[in-house]
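Student: Marked as site 'Part of a proton relay during catalysis' by Swiss-Prot: Thr47, Tyr110. The feature pyruvate binding site is assigned by Swiss-Prot to Thr48, Ile206. Summarising the annotation, Swiss-Prot assigns active site, proton donor/acceptor to Tyr136 and lists sequence analysis as the type of evidence. Here Swiss-Prot flags Lys164 as active site, schiff-base intermediate with substrate.
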Amino acid sequence: MIDPMFRGVLPALVTPYRNGQVDEDAFVALVERQIAGGVHGLVPVGTTGESATLTHEEHRRVVELCVKTARGRVPVVAGAGSNSTAEAIELVRHAKTVGADAALVVTPYYNRPSQEGLYAHYRAINDAVQLPILVYNVPTRTSVDISNDVLVRLSKLPNVVGIKDATSDLVRASFQRLHCGEEWVMLSGDDPVALGYMAHGGHGCISVTANVAPEQCADFYNAALSGDWATALQWQDRLVRLHKALFADASPAPTKFALSHLGLCSEETRLPITPASEAARAEVLAAMRDAGLI
């Protein structure tokens, strides 16, 4: 069996702010905490990193800062999605230029391309930049769902190496494992179902929860990847309430509240994301107690 290019837990990093600006010192500290906690990679400027409200300059700077801070200790998969193919190519090209190990490219949102349009989008990126690409399929946010048939076609392209699957459809993992080739990387994009996803052959998760609990998430994934399902299930039971609580309000507000409570960064977000509600805060704190974080 071939080892996948990426595996384990890769936190979908928040982008901390202070007084409306990216807090670079806090971001560096968060990256160092993740690496010390044993995570297997880093994913800056994705959904949880509020990429939608970063300027292009900020987006590029956060990727550069992540790569510089990681210093090759773990791989960096840079968020580089856009509903404009030309813009996505530019973001992927920048990720390659600054030394990222791969790019995470979300399916084009809002303009709702056909399945053939989705294939053409990723084919164009594949042809333009020599950097490994992970397809990010999250239809609840994009209103498009890339089909297994298109993914099989994409798996034949040299630079499209795998997927972040946030559909919660576990059968997709089995299908892709059987039809996309043994080098195809399969990462869940949904913490609560990652255990089942890995049981179907997935290799890990791009995780929101790891922002708050890197050591615990790393232990969970190490157990699952080694086939110790009993220990992995114990970790699942300990973390599942936190998985849910971090989406008790619009993400990443609950995650930033949790990090603020731990003294790691401000809970500041950018509009239209507002701070977590009092009910969400209470739910997050209860979940953090369950997980042994406070």
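Just so it is clear, glycine is given a Cβ too, placed from its N, Cα and C backbone atoms.
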Student: Find the one among the recorded positions Thr48, Lys164, Ile206 whose C-alpha lies closest to that of the residue listed as 'active site, proton donor/acceptor'.
Tutor: Lys164
Student: Given the recorded positions Thr48, Tyr110, Ile206, find the one whose Cα is closest in space to the Cα of the residue listed as 'active site, schiff-base intermediate with substrate'.
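Tutor: When the Cα distances are compared, Ile206 comes out closest.
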Student: What same-chain residues, at least 6 away in sequence, bring their CB to under 8 Å of the CB of Ile206 (pyruvate binding site)?
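Tutor: In sequence order, the residues whose Cβ lies under 8 Å from that of Ile206 (pyruvate binding site) (at least 6 apart) are Leu10, Pro11, Ala12, Val43, Gly46, Val77, Leu104, Lys164, Leu187, Ser188, Gly189.
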Student: Under a three-state reading of DSSP, tell me whether Thr48 (pyruvate binding site) is helix, strand or coil.
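Tutor: Looking at the DSSP assignment, Thr48 (pyruvate binding site) belongs to neither helix nor strand, so coil.
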Student: Tyr110, Tyr136: which of these recorded positions has the sparsest Cβ neighbourhood within 10 Å?
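Tutor: Among the recorded positions Tyr110, Tyr136, the sparsest Cβ neighbourhood within 10 Å belongs to Tyr110.
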Student: Thr48 (pyruvate binding site) to Tyr110 (site 'Part of a proton relay during catalysis'): how many Å between their Cα atoms?
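Tutor: That comes out at 19 Å between the alpha carbons.
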Student: If H, G and I count as helix, E and B as strand, and all else as coil, what does DSSP give for Tyr136 (active site, proton donor/acceptor)?
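Tutor: Going by the DSSP assignment, Tyr136 (active site, proton donor/acceptor) falls within a strand, counted as strand.
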Student: So if I draw a 10 Å sphere around the Cβ of Thr48 (pyruvate binding site), how many other Cβ atoms end up inside it?
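Tutor: Total other Cβ atoms inside 10 Å, all chains included: 23.
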